[in-house]
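Straight from Swiss-Prot, the features:
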- 1-18: signal peptide (SIGNAL)
- 47-69: region 'Disordered' (REGION)
- 47-66: compositional bias 'Basic and acidic residues' (COMPBIAS)
- Cys139-Cys205: disulfide bond (DISULFID)
- Cys181-Cys233: disulfide bond (DISULFID)
Amino acid sequence: MSMLCYTLIIAFLIGIWAAPKSEDNVPLGSPATSDLSDTSCAQTHEGLKTSRNTDQRHPAPKKAEDQELGSAANIIVDPKLFQKRRFQSPRVLFSTQPPPLSRDEQSVEFLDNEDTLNRNIRAKRENHPVHNQGEHSVCDSVSDWVIKTTATDIRGNMVTVMVDINRNNEVYKQYFFETKCRNPNPNPVQSERRGIDSRLWNSYCTTTQTFVRALTMEGNQASWRFIRIDTACVCVIIRKTDNF
């Protein structure tokens with residue numbers, strides 16, 4: 001009886017030892033572990049390839065600032081456009097920085113060399129009603145360098161004015177020197193002008209315009225056009241009676 005028990009116990013232990021091991025208990029370096037590692041690596045590699053293909057098909061959107069800088073840098077202007085002196089105007093200036101006004105606000109002076117596109121300019125614009133002692137302007141005016149994005153051309157059409165200009169891999173801005181009335185008031189009753197006899201005349205100040213050549217966009221090409229800019233403040237008088 002005891003021999004039979006020993007035989008059954010030994011057979012039971014042999015059966016347990018010979019049973020197949022689970023994948024969780026497989027030691028490292030065994031064939032089963034290698035198969036699992038190869039399978040997971042292959043799946044990971046396929047996932048990386050899929051994500052790369054997705055990124056190539058759907059690139060990340062660019063920021064608005066990057067798009068604006070890129071569009072400004074892509075507008076390349078042929079340097080030959082600046083070789084003709086008849087296109088130059090003292091009221092139009094291309095510069096990498098805002099042009100300075102003089103300290104007394106009575107003249108405008110900008111000086112630079114030819115290598116930086118800014119031609120030598122020495123222009124004076126009146127900005128104060130007092131020219132000399134005893135001389136006064138009928139209307140007060142103010143002048144300043146401005147940047148324009150749109151303007152009216154000589155044909156009366158609205159055109160796009162170039163702001164940033166790429167020349168020789170350097171970006172310049174197009175500035176316009178404008179003069180306008182300081183306090184325009186078309187109502188002659190509310191405001192009188194210097195030296196105008198209000199008993200005989202109605203008067204008011206108004207800003208006048210003239211045409212200058214500026215670089216504008218025509219499709220994808222840069223071209224010179226005549227555009228309107230403010231250039232002076234004048235006094236308009238109207239006779240009240242026709243007695244004379």
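Glycine too: its Cβ is placed from the backbone N, Cα and C atoms.
Note that the coordinates shown come from a computational prediction; the quantities given were computed from them, not determined experimentally.
Of all the Cβ atoms in the protein chains shown, 22 others lie within 10 Å of the Cβ of Cys139 (disulfide bond).
Cβ neighbour density within 10 Å is lowest for Cys181 among the disulfide-bonded residues Cys181, Cys233. A Cα-Cα distance of 7 Å separates Cys205 (disulfide bond) from Cys233 (disulfide bond). Between Cys139 (disulfide bond) and Cys233 (disulfide bond), the C-alpha separation comes to 7 Å.
The Cβ neighbour count for Cys205 (disulfide bond), using a 10 Å radius and every protein chain shown, is 22.
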